[in-house]
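In what follows, a structure is listed as structure tokens, so that the remarks can point back to it.
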Amino acid sequence: MNRYTTIKQLGDGTYGSVLLGRSIESGELIAIKKMKRKFYSWEECMNLREVKSLKKLNHANIVKLKEVIRENDHLYFIFEYMKENLYQLIKERNKLFPESAIRNIMYQILQGLAFIHKHGFFHRDLKPENLLCMGPELVKIADFGLAREIRSRPPYTDYVSTRWYRAPEVLLRSTNYSSPIDIWAVGCIMAEVYTLRPLFPGASEIDTIFKICQVLGTPKKTDWPEGYQLSSAMNFLWPQCIPNNLKTLIPNASSEAIQLLRDLLQWDPKKRPTASQALRYPYFQIGHPLGIISKDSGKPQREVQDKTGPPPYIKPAPPAQAPAKAYTLISSRPSQASQPPQHSVHPYKGDVSRTEQLSHVQEGKPSPPFFPSLHNKNLQPKILASLEQKNGEIKPKSRRRWGLISRSTKGSDDWADLDDLDFSPSLTRIDVKNKKRQSDDTLCRFESVLDLKPSESVGTGTTVSTQASSQRRDTPTLQSSAKQHYLKHSRYLPGINIRNGVLPNPGKDFLPSNSWSSSGLSGKSSGTVSVVSKITSVGSGSASSSGLTGSYIPSFLKKEIGSVMQRVQLAPLAAPPPGYSSLKAVRPHPGRPFFHTQPRSTPGLIPRPPAAQPVHGRIDWSSKYPSRR
């Protein structure tokens, strides 16, 4: 020890203390670990696990044991000096680590751990204090005092590792554990590096199990039968907890990090990945092209594809969010090339990109820069036919120009990305056809509501809208059912005053449709009234596409109009009005309803007293529908 000088004490542990020293010959800083117990022979020293393991382990991410010195029955280990440990690095942080730094730290830990496990050892005491650092750029595993050989025989001691990083099989006093306990500790350390707080800070072993259950949820007996055997052996009752989403606990972690963390923290040690398997997770795959494959790299895949046949058709799962704009990928936007579409019509399972998949189907043809489905003549009719069956309508031929996008998922603003392309003529034709179809659909819907056309004839719209409208007609609300009931059993229906043979004339005194807003009616009822006014004006002799003539009395005069609650009186059947040309307009009185009518004076009936003013908001049904005599 006369070749080294001690500077200060760095720390004190269970089995020894660590001093900072310097080599007199080279001036290099070193860490001197002085064991507390005395050793009286070299054979006794060489039997130490730390010496046995570190003699065989030489790796960039494992702290290097430079020398072993026994002097005056005291044993000294000379290690390379590292500035700090991971616990100190976490404690000194006042903000979260960037994910690139965390990925670098975890990669080095798993690299060193894979080397340890490969050489037949497992650490048994992984924690941030035993991971020595030179900043976040360099991390090394240290303190192999509890390390054991994997091939050594159990039983092992059940108090190994610090409680917060102890695997559940060790917490349940298992004596038959192995290297997966190191993988569990790595998962706990990874979560702590992300959040700067321990994931399972239990005050005792049982409290630590409770903390684990609160995060991961109570394991099922089928998921980990050995754990239930261990718990029953120590009379431990599992707390009933539901799992928490790790993304909510660690919001700054990416989805790849959550995937790795979830697998590292599996209850069953057999389901945890090994350290070498964890290094192959997507979390550590950096710099690989996302969705962009060169021609050279695509050749072997194409040959394999030709031998094995085309990939199977996989039905896409419905997206959780609104479907993204599909096939708006344009060569002028290279930044979007790495993002696959979330709602594609024919996704295939695999690592090849969408462009290469289409090139396989096209038997080696070069893929187009955009809209790959334009050149796909074989798949296009089949997929379009299936889409037409799903949507229940026949698409215009010009719609095929945009390939495999269903009409139901295409919004009106989805063509914004195509402004710079020369598709204006076909777009104009499609807009005209769509407007015409929409106007026809609107007219058919109004005619079916007004009973000018049977409901089965509404077939030009989509099947969904037809079903929805028929469902609304078949299952009316309670309010509309009441109206239909009373209107069906009364002789007084809205729209006509039979005393003077009067029908409202929209050309003169009929109020505009927007005046219904003052009466509290919805926009739908006002639109219906405006349509009624149009059809009424048709009856006065103007030309109409619906083909109504002057002598035709439409059936909407016998039904309710929108949500209007007013009533009218029918003319006697013996003397019908000669025509609509002799009808006069009804001028609504201020403060009275629009379709106000006067009672018919019939000889032989007692004259009706004036109706009392109803309470505001209520309908006086007794005055509106008196009993028949």
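Note that Cβ sites are derived from N, Cα and C of the backbone, with glycine treated the same way.
As annotated by Swiss-Prot, active site, proton acceptor applies to ASP125. Over all protein chains present, the Cβ of ASP125 (active site, proton acceptor) has 21 other Cβ atoms lying within 10 Å.
With a 10 A radius on its CB, LEU10 (ATP binding site) counts 17 other CB atoms from all the protein chains. Here Swiss-Prot flags LEU10, GLY11, ASP12, GLY13, THR14, TYR15, GLY16, SER17, VAL18, LYS33 as ATP binding site.
Swiss-Prot lists 296-306 with the feature compositional bias 'Basic and acidic residues'.
Here Swiss-Prot flags 322-344 (among others) as compositional bias 'Low complexity'.
Annotated compositional bias 'Low complexity' per Swiss-Prot: 457-470 (among others), in sequence order.
Per Swiss-Prot, the feature phosphothreonine maps to THR157.
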**Fill in**
Here the Cα-Cα span from ASP12 (ATP binding site) to ASP125 (active site, proton acceptor), rounded to a whole number of angstrom, reaches 16
**ASP125 (active site, proton acceptor) and THR14 (ATP binding site), distance between Cα atoms, whole Å** = 12
**Residues near VAL18 (ATP binding site) in space but at least six apart in sequence (CB under 8 A)** = GLN9, LEU10, GLY11, ASP12, ALA31, ILE32, LYS33, LYS34
**Request:** Using the centroid of the Cβ atoms of LEU10, GLY11, ASP12, GLY13, THR14, TYR15, GLY16, SER17, VAL18, LYS33 as reference, list every other same-chain residue with Cβ within 8 Å of it (recorded ATP site), in sequence order.
**Result:** LYS34
**Asked** Under DSSP, is LEU10 (ATP binding site) helix, strand or coil?
**Response** strand
**Request:** Report, as a single number, how many Cβ atoms besides its own are within 10 Å of the Cβ of ASP12 (ATP binding site).
**Result:** 9
